[in-house]
């Protein structure tokens, strides 16, 4: 696939794609954003995406800072799924932030199981290709190995429940390295994947701000490519399924999760251009989670497209 094979953004016509794994017929890297859905997954979320000229979308299906597991609106679900399919728009779900399978608190772990199961089920209902979940931390002063054993105990059964052809992938997103994080550097994905038997429905969502804040310097002529090489060496080819394209307000290794608009932070534009030339990112969508509201989001989507196509 090359840039000349790109299809249009939301609001243009296109062929219905096969949804399971790849995004056939799309540009090398579809660029889109996380969109608000309060008031309607289709009527509000996709309307916002159209205003961004988004080629990919990410949504919440529950309050990201709570444990509620609301049922979807069947009409909105079907309209969203149909529009994404008809217009070749890959969609993703971001699971709630409170989920932590490494917690020392039994209630938190139990709620994490139900919350993620809900996100995975809702992901299938709306035709999402993947559900993003943060990798969590080892709370209560426990060893990382103990927390990872607990991750295995509770998360592996959820992966084994993904038996339908249209079930989404579970995409692990590393953190900026705050506290007792279970996964922040590229090599931390290794023990996490081992704990989950490198399950076939397991993938990675790479957040550029997080990995930069954790200590991977993405700047310079080869910083981004070296980081992606390390990731592939750790988890294998084909596991990178989604990229959260965010600049960073803070310097490399600051362990602060503060996103900035593309080119306005300490990462800068060039690493994002390099990102979209590495073999591991072929066909992988980019989702922005940057400041500035709709105007800022639209500018970031446009900027990433220019870096991709220029």
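In case you wondered, yes, glycine gets a Cβ from its N, Cα and C as well.
Among the candidates 42, 134, 199, 216, the residue that Swiss-Prot annotates alongside 94, 173 as binding Zn(2+) 1 is 134. Take the Zn(2+) 3 site that Swiss-Prot assigns to 257, 259: the candidate from 154, 164, 210 listed for it is 210. The Zn(2+) 2 site recorded in Swiss-Prot comprises 173, 207, 244 together with one of 125, 143, 282, 289, namely 289. For residue 257 (Zn(2+) 3 binding site), the number of other Cβ atoms no farther than 10 Å from its own Cβ, over all displayed protein chains, is 18. Sequence-distant neighbours of residue 94 (Zn(2+) 1 binding site): residues of the same chain at least 6 apart with a C-beta under 8 Å from its C-beta are 34, 58, 59, 60, 64, 131, 132. Here the binding-site residues are 173, 207, 289, and the one ringed by the most other CB atoms within 10 angstroms is 207. Apart from 173, 207, 244, 289, the residues listed for Zn(2+) 2, the same chain places the Cβ atoms of 132, 205, 206, 208, 209, 210, 243, 246, 287 within 8 Å of the centroid of those Cβ atoms.
Considering only the binding-site residues 207, 210, 244, 259, the residues lying within 10 A of residue 173 (Zn(2+) 1 binding site) on a C-alpha to C-alpha basis are 207, 210, 244.
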